[in-house]
Amino acid sequence: MQNKLLFTSESVTEGHPDKICDQISDAVLDALLEQDPMSRVACETAITTGLVLVMGEITTSGYVDIQKIVRDTVKEIGYDRAKYGFDADTCGVIVALDEQSKDIALGVDKALEAKQNEMTDEAIEAIGAGDQGMMFGYASNETEELMPYPISLAHKLTKQLSKVRKDGTLSYLRPDGKSQVTVEYNEEGKPVHLNAVVLSTQHDPDVTQEQIHEDIKKYVFEPVLPKEMVDEKTKFFINPTGRFVIGGPNGDSGLTGRKIIVDTYGGYARHGGGAFSGKDCTKVDRSASYAARYVAKNIVASGLADKCEIQLSYAIGVAQPTSIMIDTFGTGKKSNEELTEIVRKHFDLRPAGIIKMLDLRRPIYKQTAAYGHFGRNDLNLPWEQTDKAEELKKYL
């Protein structure tokens, strides 16, 4: 039993400067993985008025046209004319990637990783984590996708905002935008009321705020907000500054990895601090966070807990996690210690084991770079599958 509480989460559209950078970094990663699934990639992007900078380190046998990837990605997002303050065709693109020779990789790396899915247990054990760090995964049965309600709703709003812009329903909208929702939870920890909704959207200069308010309510709020969660006490804030014409990279600079809470659980669960986009699956910041979500989601889907948070930690060069911690916040059918042992038995959480378990050497990452990496029922992501849930039910 808990006290009533209000919890707030936010989302941003694909046209937000930080999210543009995430999408460019993951577009580069996907393009390299298409050519060479063994590519090692650490690709960071920065964006500002009229300029994109792509930097980092890659080890690959593939070759991709980075400039074209940048321009195509920016155009796809919707920055395709000068009056938006940023134009994919005319912006400057600086590439500062250190392209390392494929021969630099140690022979042992090549031998161990060449046939990832055929590796022996000894080979998996031999591949250590690429860095130290801790990663968290979370799941809750408060939504169909087993995500916290506030971030789930915030993403639905920004996705709908993008949809009505792209399909021409609201042609005066521009790509940048944000949502924020405040949800009231009752004593049982269930979401019961929508306390506040904030939505800011970039727009053409000649549209009135009255028109924007009317259209956002009709075309964004009505299709998305559950009627049973909204009443006369719900507060709505639409473009509360009164004007949002200057936006995107023309309004703010952006960087890869600046929206890690939007990418994950909206602040409802803890975060280890590592960003995802632009990193290949040998980086545990990304792969172990995906594995932690996979574990937590299967525990909740199996009925072993209503809520589950898992922490993994790694030491550089060591395969086995240095720690596994599970917290079910008093909702578990087994103790946290028992669940930890169950996880050790059923999930291979060594870096190479994660790559094999989730088949991560594929170009599947750009689609995750906006609107969240988790709870994406619209995408067939391996870490969102609940294929272990049936197996775990035997512990009920």
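Easy rule for this one: first residue shown is 1, then count along the chain.
Every residue gets a Cβ built from N, Cα and C, even glycine.
What Swiss-Prot records for this protein:
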type    : residues                                                                              : note
BINDING : His16, Asp176, Gly177, Lys178, Arg243, Phe244, Asp252, Arg258, Lys259, Ala275, Lys279 : ATP binding site
BINDING : Asp18                                                                                 : Mg(2+) binding site
BINDING : Glu44                                                                                 : K(+) binding site
BINDING : Glu57, Gln100, Asp252, Lys283                                                         : L-methionine binding site
REGION  : 100-110                                                                               : region 'Flexible loop'
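Annotated features, which come from Swiss-Prot, shown on the structure.
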residue : record                    : Cβ neighbours (10 Å)
His16   : ATP binding site          : 28
Asp18   : Mg(2+) binding site       : 21
Glu44   : K(+) binding site         : 22
Glu57   : L-methionine binding site : 13
Gly177  : ATP binding site          : 27
Arg243  : ATP binding site          : 10
Asp252  : ATP binding site          : 15
Lys259  : ATP binding site          : 25
Lys279  : ATP binding site          : 26
Lys283  : L-methionine binding site : 22
**Message:** Considering Cα atoms only, can you say which of Asp18, Glu44, Glu57, Lys283 is the nearest neighbour of Lys259 (ATP binding site) among these binding-site residues?
**Reply:** Asp18
**Message:** Measuring Cα to Cα across His16, Asp176, Gly177, Lys178, Arg243, Phe244, Asp252, Arg258, Lys259, Ala275, Lys279, which the record gives as the ATP binders, how far apart are the two most distant ones in Å?
**Reply:** 36
**Request:** For Glu44 (K(+) binding site), find which of the binding-site residues His16, Glu57, Gly177, Asp252, Lys279, Lys283 come within 10 Å, Cα to Cα.
**Result:** Glu57, Lys279
**Fill in**
Here the binding-site residues are Asp18, Glu57, Lys283, and the Cα closest to that of Asp252 (ATP binding site) is found at Asp18
**Item:** Secondary structure of Asp18 (Mg(2+) binding site) (DSSP, helix/strand/coil)
**Value:** helix
**Message:** Spatially, and counting Cα to Cα, which of the binding-site residues is closest to Gly177 (ATP binding site)? Options: Asp18, Glu57, Lys283.
**Reply:** Asp18
**Request:** Find the one among the binding-site residues Asp18, Glu57, Lys283 whose C-alpha lies closest to that of Arg243 (ATP binding site).
**Result:** Asp18
